[in-house]
Amino acid sequence: MPAIVDKIAEALHIKKHEHQEHASAEASSSANPTSASTGAAQTPVFDHEKVKVFFVLGGPGAGKGTQCANLVQDFGFCHLSAGDLLRAEQNREGSEYGDLIRKYIREGQIVPMEITIKLLENAMRAELAKPHTTEGWEDGRGRFLIDGFPRKMDQALKFDEDVCLSTMVLFFTTTEEEMLKRLLERAKTSGREDDNEESIRKRFRVYKEQTMPVIEHYSKEGKVATIDATATIEEVHQKAKEIIAKVLAGEVGRNITA
């Protein structure tokens, strides 16, 4: 496993000294069992008190990207799409994992989480390093909408433990018939190789099997806002906007349905 992680790290341009520090820490832990046991818990890269992460989930075609674009305008979020980051990496010249990512996407399957999580972490780090003048970005703070992630339980747990504890899940829900209709319409102009009926139906199956348990997990933690995405774009936007405003104001600390 370490060899796989090292290869992924190299492919995603992670600085060499980070691995050296990690290796030194492991060696120190091995030499000092007490240190190993007391230091077992992983400290996330980002402080969730300062960095607010809203996961945006829903079936393919539920309108996640459209609503994220609206919420960016409302609240100054940085919108990160796990799918877009993966597609960019697969097309990046010299990417060792381009073919692998392309195969997973074409088959409607989920890319190995080490790749996706590292791409998200790198993108968050880069955004936090930029100067911002909007609310929510002062004194090292930040606001992120992460679209289409996590799609599996291991991704959810790993991100919360290693990168940043999530704030809330926005769960956009509608029927498969509606999602299929939207995706086939998008296929006319998107140019995406997975926007075809065969791939779409595979994505529906994967979503049911692997992503719904993520929703159930966060529901138990009282962190899911369920939004009916069947209505018009503006109606859905207003529902999402009201929920986000309440969460950022500290008025919502439980599951909510709109």
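Placed from the backbone N, Cα and C atoms, the Cβ positions cover glycine too.
What TrEMBL says about this one:
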| type | residues | note |
| --- | --- | --- |
| REGION | 18-41 | region 'Disordered' |
| COMPBIAS | 25-41 | compositional bias 'Low complexity' |
| BINDING | Gly61, Ala62, Gly63, Lys64, Gly65, Thr66, Arg186, Ala231 | ATP binding site |
| REGION | 81-111 | region 'NMPbind' |
| BINDING | Arg87, Gln109, Ile110, Val111, Gly148, Phe149, Pro150, Arg151, Gln155, Arg192, Arg203 | ribonucleoside 5'-phosphate binding site |
| REGION | 185-195 | region 'LID' |
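Proximity note: of the listed binding-site residues (Arg87, Ile110, Gly148, Pro150, Gln155, Arg203), Gly148 have a CA within 10 Å of the CA of Gly65 (ATP binding site), given in sequence order. Within the same chain, residues at least six positions away from Gly63 (ATP binding site) with a Cβ under 8 Å of its Cβ are Phe172, Thr174, Arg182, Ala229, Ile233, Val236. For the region 'LID' (185-195), the list of distant contacts is 61, 87, 102, 105-106, 108, 203: same-chain residues at least six beyond its ends, Cβ to Cβ under 8 Å. Of all the binding-site residues given, namely Lys64, Arg186, Arg203, the one with the smallest number of surrounding CB atoms inside 10 A is Arg186. The binding-site residues under consideration are Thr66, Gln155. Their Cβ neighbour counts within 10 Å are lowest for Thr66.
Using CA atoms as reference points, the binding-site residues Arg87, Gly148, Pro150, Gln155 were checked against Gly61 (ATP binding site), and the closest is Gly148. When the binding-site residues Gly65, Pro150 are compared by the number of other C-beta atoms lying within 10 angstroms of their own C-beta, Gly65 comes out lowest. When every Cα pair among Gly61, Ala62, Gly63, Lys64, Gly65, Thr66, Arg186, Ala231 is compared, the largest distance found for this ATP site is 18 Å. Calculated from their C-alpha atoms, the gap between Arg186 (ATP binding site) and Arg203 (ribonucleoside 5'-phosphate binding site) amounts to 15 Å. If you count neighbouring Cβ atoms within 10 Å for each of the binding-site residues Ala62, Ile110, Ala231, the highest count belongs to Ala62. Between the CA atoms of Arg87 (ribonucleoside 5'-phosphate binding site) and Lys64 (ATP binding site) there is a gap of 17 Å.
Under a cutoff of 8 A between CB atoms, and with a sequence separation of 6+ in the same chain, the neighbours of Gly148 (ribonucleoside 5'-phosphate binding site) are Val56, Leu57, Lys64, Ser81, Ala82, Gly83. With respect to Arg203 (ribonucleoside 5'-phosphate binding site), the closest of these binding-site residues in Cα terms is Ala62, chosen from Ala62, Thr66, Ala231.
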